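*Asks:* This is the feature table in TrEMBL:
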- B:12-28: transmembrane segment (TRANSMEM)
- B:63-84: region 'Disordered' (REGION)
- B:71-84: compositional bias 'Basic and acidic residues' (COMPBIAS)
- B:107-129: transmembrane segment (TRANSMEM)
- B:150-178: transmembrane segment (TRANSMEM)
- B:198-218: transmembrane segment (TRANSMEM)
- B:238-261: transmembrane segment (TRANSMEM)
- B:273-296: transmembrane segment (TRANSMEM)
- B:316-336: transmembrane segment (TRANSMEM)
- B:356-374: transmembrane segment (TRANSMEM)
- B:381-400: transmembrane segment (TRANSMEM)
- B:420-445: transmembrane segment (TRANSMEM)
């Protein structure tokens, strides 16, 4: 395994960053990662990232929650111990359904929301004692950092990045992860 | 400038003529003599042979008359506290059914008239909200909204006239509280007669219509005035009138729903009814905005409207379908849960005699839109929005149908020639008036301060 090298190009403006991304993409260089202090509109599109599927997972989690609510209430209130509580009809699920709708709704939302958030944490590898992967602390404040892989074309890349308006260009050794 | 295509004009006129024929047919066939109704009921009893219907025919008249009393339909004779000992139950039953049959063309006409009026009114409220909230996405659709709201004045006047006519030229075919004979025997209606009386009804209706039409007139005036150039003063006036209208609207809409809809069941009341009717009219209005803008765009008249605008309108359709369901369920569940006899009869009649429309509309107005419009990509496909929109509109017609019909025709309902004729009549009128209004002004609000933002709107 060769020790991989990357270039860190630092920008101070999101508009400059956006045009730089487009230029680097046009030159067919692979952008490893971009670090920004805040969401930059259209950056994912410019980088050509695939759209997220988290909404689809949320929909499915919602269906799970709905099913849990229905099965739970059906078992407890109709199958296991069908008591007469205040004259509510406990003969079948459908007859007493309106009373269960608030629970069905809340559990649908609960499952959809919480499982989606957990999915998000898992997919983006975030947890409480996680070591921060931050190549430059300034990127959390007011700098933008673009990481481009080097394959023996250092000077060419450095020239290109300098043209795009980078205020700082650093060649960094990066241990493979 | 848009010109009202001759094809569409002819189409709308054909609809009006066909509809008028259907309505005429409905009125011609609704006057049945006592013997005819007697014969009809006897025949119906025979058709059900073996299913216990004969029992109903033989001994069930009494029970049926009592049922319909409980169900709060127009059973003139069985209202009241004094016992009608010695009155022939059979005669009462026949007269009751005779009245229901006579009510049908009136109610069908009223439901369709109200449905198209509420589209225009919901659209006007949406328009005022867009201006008062200084929305940046919607100004390119303002002229479409102004076109739709052109139907409000004629539509609302027609609704009010039908309501009043049913109690003056008609035989109290929609509102029983207009019948002095019923009121004389009914303590509950007597107690409400301070609100429910014909002069008051007419005057309130006139005030509602005057207020709405005045806002529609003044907003249209300022919106046209902005075409001469961007003028902050004009926009500020438009803004202030819109904010003021919204206050006026929420009061009058609520009272209108008591007068024009809830009072068909004068023994019943519900506090969130006004909101419920509002949700129905709002979502129908927004749906029609989507349908008409898709139509105009497909004809190349709205090149400044793009799929992002469609996406936003579809989001409103989606969200307010859910809002409607929320109110529908809240009203239903509270009454079902507590099961207080004087409130619950409203839903008992609907469950007994209107099971398919009552539960079907929840599918049409909730399940269908929630599944169809949840995906962001689907909201950007015109034919998809059109399809869902048509289902939503049909569902809200059924909603109005469910509000009016059980109180007027009871279990004698059917969606037949009188109902379809009335829909066609008002659909034709609606198309004619809306597209005539659309042809009167450029389809882009030129001097509106947010026009540019709206044209470049991108989601």
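Yeah, the Cβs are placed from backbone N, Cα and C, and that goes for glycine too.
Unlike curated entries, TrEMBL annotations are predicted automatically.
Given the structure is predicted, the values throughout are model-derived calculations rather than measurements.
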*Asks:* Counting Cβ pairs under 8 Å that sit 6 or more residues apart, are there three or more between the transmembrane segment (B:198-218) and the transmembrane segment (B:273-296)?
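*Replies:* Counting Cβ pairs under 8 Å (6 or more apart in sequence), the transmembrane segment (B:198-218) does not reach the transmembrane segment (B:273-296), since there are fewer than 3.
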*Asks:* Any chance the transmembrane segment (B:420-445) and the transmembrane segment (B:316-336) are in contact, meaning at least three CB pairs closer than 8 A with a sequence separation of 6+?
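*Replies:* No; fewer than 3 Cβ pairs under 8 Å.
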*Asks:* Looking only at residues six or more beyond either end of the transmembrane segment (B:316-336), which have a C-beta under 8 A from one in the stretch?
*Replies:* 126, 270, 272-273, 275-276, 279-280, 282-283, 286-287, 290, 343-344, 346-347, 362, 365-366, 369-370, 373-374, 379, 385, 388-389, 392, 396, 399
*Asks:* In terms of Cβ proximity under 8 Å, which residues at least six beyond the ends of the transmembrane segment (B:273-296) contact it?
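*Replies:* Answer is 2, 115, 118-126, 141, 144-145, 147-148, 250, 253-258, 261-262, 302, 305, 309-310, 313-314, 316-317, 320-321, 323-324, 326-328, 331, 365, 382, 385-386, 389-390, 392-393, 396, 399-400, 403, 434, 438, 443.
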*Asks:* What else in the chain is close to the transmembrane segment (B:107-129), if you only count residues 6 or more beyond its ends and a Cβ gap under 8 Å?
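*Replies:* Non-local partners: 23, 26, 135, 142, 145-146, 148-152, 155-156, 158-159, 162-163, 166, 173-174, 212, 215-216, 219, 242-243, 245-246, 249, 253, 260-261, 277-278, 280-286, 288-289, 316, 396-397, 400-401, 404-405, 408-409, 418-419, 421-423, 425-427, 429-430.
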